[in-house]
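Colleague: Structure below; questions to follow.
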Amino acid sequence: MRICRSFLFLVKKCGNITPTIWRNQHTYKMATSASANLSKIVKKNYMELPQDGKVQAMYIWIDGTGEAVRCKTRTLDNEPKSIAELPEWNFDGSSTYQSEGSNSDMYLVPSAMFRDPFRRDPNKLVLCEVLKYNRKPAESNLRHSCQKIMSMIANEYPWFGMEQEYTLLGTDGHPFGWPSNCFPGPQGPYYCGVGADKAYGRDIVEAHYRACLYAGIELSGTNAEVMAAQWEYQVGPCEGIQMGDHLWISRFILHRVCEDFGIIASFDPKPIPGNWNGAGCHTNFSTKAMRDDGGLKYIEDSIEKLGKRHQYHIRAYDPKGGLDNARALTGHHETSNINEFSAGVANRGASIRIPRSVGQDKKGYFEDRRPSANCDPYAVTEALVRTCLLDESGDKPIEYNKN
């Protein structure tokens, strides 16, 4: 390990004394994409040209990884006022891990529409479901089943809020602002930190925040997280299927903002091994009954149901069936142990946290702290509804309708 021109600190790491080097911002030149060096002023000249009534609609979908998003744009003759006015489209699924080359056409079915913060009005962002050649949902299309489940319990008025954590990286995978071949100072000053030595990449955070508000995303806040170059934003409250729609588009916008700045936003639940916090997507959940007076009883009933179905939720809470979360849910760094279920008031080391204010008011919501940063919000919200409201039990979800 190369020693930076600064101070050597000894910090305690998992019971062992491990040397950690204080960051030196001049040690390492961050690797950025070549596209970030292109002139944005030149581009602006073209983006200000009139569109003569035409509209650019960017169709966005989740690819076969269940984590990455893809997009392409088509021209519309008029500004669409609703999803019903948007045409279906298609794409080559063999290039997105979603089909074989011999039968590669797949359908894009518009499902949610937002304002486009990059091209601006009247242009649109269009979130799409993916259907296979036989018009059955693609394996990565978890929205389809989520919408069915949400429609079954609409009279419960389920609200969700998801806390999306992410880590900023250079194009070489090195954490943004970290010195080369060593570490920044130990965790402590970065959470909600202010200052050049504590907040790494705030320009990206602010740009993303404003872009989401412009698009119509229910983005309710943001903050720097515990690890240097790690951030969080919160989406919600959203009712039913809207939670997944808004979180996926917020992720797309974050990737596009980072693309402009030439760096990467990673949703890996444990991007840096060792004595560093991982990244999650803590999910807040409530129903009308929970929010009304005396709602704590319904919260406690739901937690009891969740405790009996822990492994089912662990599999639903990351795209690799729990393997990603196994790196993050260690029982350390404000996480629960992946193999154990726990709950408590104001306990950030539990599977389920009841906020202190909820315990005092005897109503409100609870926070499921198990979903990973790269979770599919459709899978997470569907699993919560199945267990808490449809009273499902066992290791597999019930199939209510095959159509």
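Quick reminder: no glycine exception, Cβ is built from N, Cα and C everywhere.
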Colleague: So Swiss-Prot lists H282, E367 for Mn(2+) 1; which of E156, E163, E165, E206 goes with them?
Modeller: E163
Colleague: Out of R256, R291, R348, R386, which one does Swiss-Prot list together with N275, W276, R369 for L-glutamate?
Modeller: R348
Colleague: For E367 (Mn(2+) 1 binding site), just count the other CB atoms lying within 10 A of its CB, please.
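Modeller: Cβ-Cβ neighbours of E367 (Mn(2+) 1 binding site) within 10 Å number 19.
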Colleague: Between V235 (ATP binding site) and E165 (Mn(2+) 2 binding site), what is the CA-CA distance rounded to a whole number of Å?
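Modeller: Pair distance, Cα basis, whole Å: 11 Å.
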Colleague: Using other CB atoms within 10 angstroms as the count, which residue among the binding-site residues R348, R369 scores least?
Modeller: R348
Colleague: In whole Å, how far is R369 (L-glutamate binding site) from F285 (ATP binding site) when you measure between their Cα atoms?
Modeller: 11
Colleague: Cα of E367 (Mn(2+) 1 binding site) to Cα of R348 (ATP binding site): how many Å, rounded?
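Modeller: Taking the Cα atoms only, E367 (Mn(2+) 1 binding site) lies 10 Å from R348 (ATP binding site).
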Colleague: Please report the Cα separation of Y233 (ATP binding site) and W276 (L-glutamate binding site) in Å, rounded to an integer.
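Modeller: Just about 19 Å between their Cα atoms.
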